[in-house]
Amino acid sequence: MKVMSKFHSAHIISCIKHTFLQKHVYSYSTQSSYKIGFIGDGAMAKAICRSIHRKGLIDYSNVYVASPYPKNLDSWKQLGANVSTDNAVVAQEANIVFLAVKPHILKEALISISKNALADQIRNKLFISILAGITIHQLEEMLSKFEGSRVIRVMPNTPMLVGNGCTVYCPGSKVTEQDLQLVQSFLEVTGMCQCLPEHMINAVGAVTASGPAFVYLFIEALSDGGVRMGLHRDIATKFAAQTVMGAAQMVLNTEKHMGTLKDEVCSAGGQTIAGIHALERGGVRGAVMDAVEAAALKAVELGKQAK
Ligand SMILES: NC(=O)C1=CN([C@@H]2O[C@H](COP(=O)(O)OP(=O)(O)OC[C@H]3O[C@@H](n4cnc5c(N)ncnc54)[C@H](O)[C@@H]3O)[C@@H](O)[C@H]2O)C=CC1
Ligand SMILES: O=C(O)[C@@H]1CCC=N1
C-alpha cells in the first residue's frame, strides 16, 4: 500500500491547527526579537527578505547574510544587514536560517558551517530550505549534527517581490506550532501561501516557482507578435503583461473554466479563433505541459544528486 504516512496525516492536521492558531494566538509584535539568516545571498534570498521587510515584519539590523563572494554582499550591507563570508557566523547569530544556495552547493555550505563553528553554538535553530528538489528527509539528516534543528521546506517564487507570490511549505518532523505560525506569517504577506504535503512540492514548484519564467516567455512572445504587427515595443510589452495579468485574474476571480473563458473571447469565424488555431498547430499546450514535466523531473534529479 502506498504510504499515506503518519507523517502526512500529522502534517495536514498540523497545517489546519496552525492556520487556526495563527489567526487567534500569534502576534506579529514578537517577530522583532527574531534574527533571520540567509545562507546564500542570491535572487530568491533577496526576494524573500525584501518582501517581508516591505511589510514591516523585519528590520535589516536583524538580518544576517552569508556568501563566499564579498562583492555580492555589498547591496545587503547598504540596506543595513549584517554580512559575512562565513556561513557559520550566520548560522550562529540567526534563530531562523534560510538555506538559499543552489541545491548542489548545500553540502559544501553546511560543511563550512560545521568546520567553522562549534556544533553546540548551532542548536535549536529553525532552518527554512527553499532549495528545489532537496527533501525534508535529506535536510533533517544533513542538519542532525546541530542539536534541536527543525526544518521547514518552502517553495517560493519571485513574484513575491511585487506582493503576488505563490508559495507552498511543508513542515519537517520536529517543527513546533510556533515555527509554523512564524513562517506562515512571513509568507502570507508575500502573496498566496499554502501548506501542502511534501509529495506535491516538486510538481507545485514546476508550476509556481519555474512558472514565472514560462509566463515571461509567453509575454515576450505576445509582445514580439505585437511588434511584428507594427506596435512599438514598450506599448506591446505593457499591453501583453496587463493582458496576462487580467486573464489570470479572470481565472482566479470567476467560477468559470478556462475553456469557457476562452470561448467567450472567440467569436465565430473571428480573429481570436484564427490565433488559437495557430497556437494549437504550434503545439503550445503540449509544449507547456512538457515544460512543467521537465521542471518537476529535474527537481527530483537535483534531490538525488545532492545525496
Ligand atoms: N530563483 C527562483 O525563482 C527560485 C529559486 N529557488 C531555490 O532558491 C535557491 C537559490 O536560488 P537563486 O536565489 O535563484 O540562486 P542565486 O544563484 O541567485 O543565489 C545563490 C547564491 O548562493 C551564493 N553561494 C554560492 N556558494 C555559496 C556557499 N558555499 N555558501 C553560501 N552562499 C553561496 C552565491 O553567492 C549566490 O548569490 C535554489 O536552491 C533554488 O532552487 C526556489 C524557488 C524559486
Ligand atoms: O530553476 C531553478 O532551479 C529554480 C528553482 C525553481 C525556480 N528556479
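Every residue gets a Cβ built from N, Cα and C, even glycine.
Model, not experiment: these values are computed from the prediction.
Annotated domain 'Pyrroline-5-carboxylate reductase catalytic N-terminal' per TrEMBL: 35-133, in sequence order. Positions annotated as NADP(+) binding site by TrEMBL: Ile39, Gly40, Asp41, Gly42, Ala43, Met44, Ser67, Ala100, Val101, Lys102, Pro103. The annotation NADPH binding site is assigned in TrEMBL to Asn87. The domain 'Pyrroline-5-carboxylate reductase dimerisation' annotation in TrEMBL covers 198-302.
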Per-state residue totals over the domain 'Pyrroline-5-carboxylate reductase catalytic N-terminal' (35-133) - DSSP helix, strand, coil: 49 helix, 19 strand, 31 coil
Per-region confidence, the domain 'Pyrroline-5-carboxylate reductase catalytic N-terminal' (35-133) (mean pLDDT, whole number): 94
Set of same-chain residues at least 6 away whose C-beta sits under 8 angstroms from Val101 (NADP(+) binding site): Ile39, Gly40, Gly42, Ala109, Leu131
Of Ser67, Asn87 (the binding-site residues), the residue whose Cβ has the fewest other Cβ atoms within 10 Å: Ser67
Site extent for NADP(+) (largest Cα pair distance over Ile39, Gly40, Asp41, Gly42, Ala43, Met44, Ser67, Ala100, Val101, Lys102, Pro103, Å): 15
Proximal residue to Asn87 (NADPH binding site) among binding-site residues Asp41, Ala43, Ser67, Pro103 (C-alpha distance): Ser67
Residues that sit under 8 angstroms from Ala43 (NADP(+) binding site) by C-beta distance, when 6+ apart in the chain: Thr158
Counts by DSSP class (helix H/G/I, strand E/B, coil) across the domain 'Pyrroline-5-carboxylate reductase dimerisation' (198-302): 88 helix, 0 strand, 17 coil
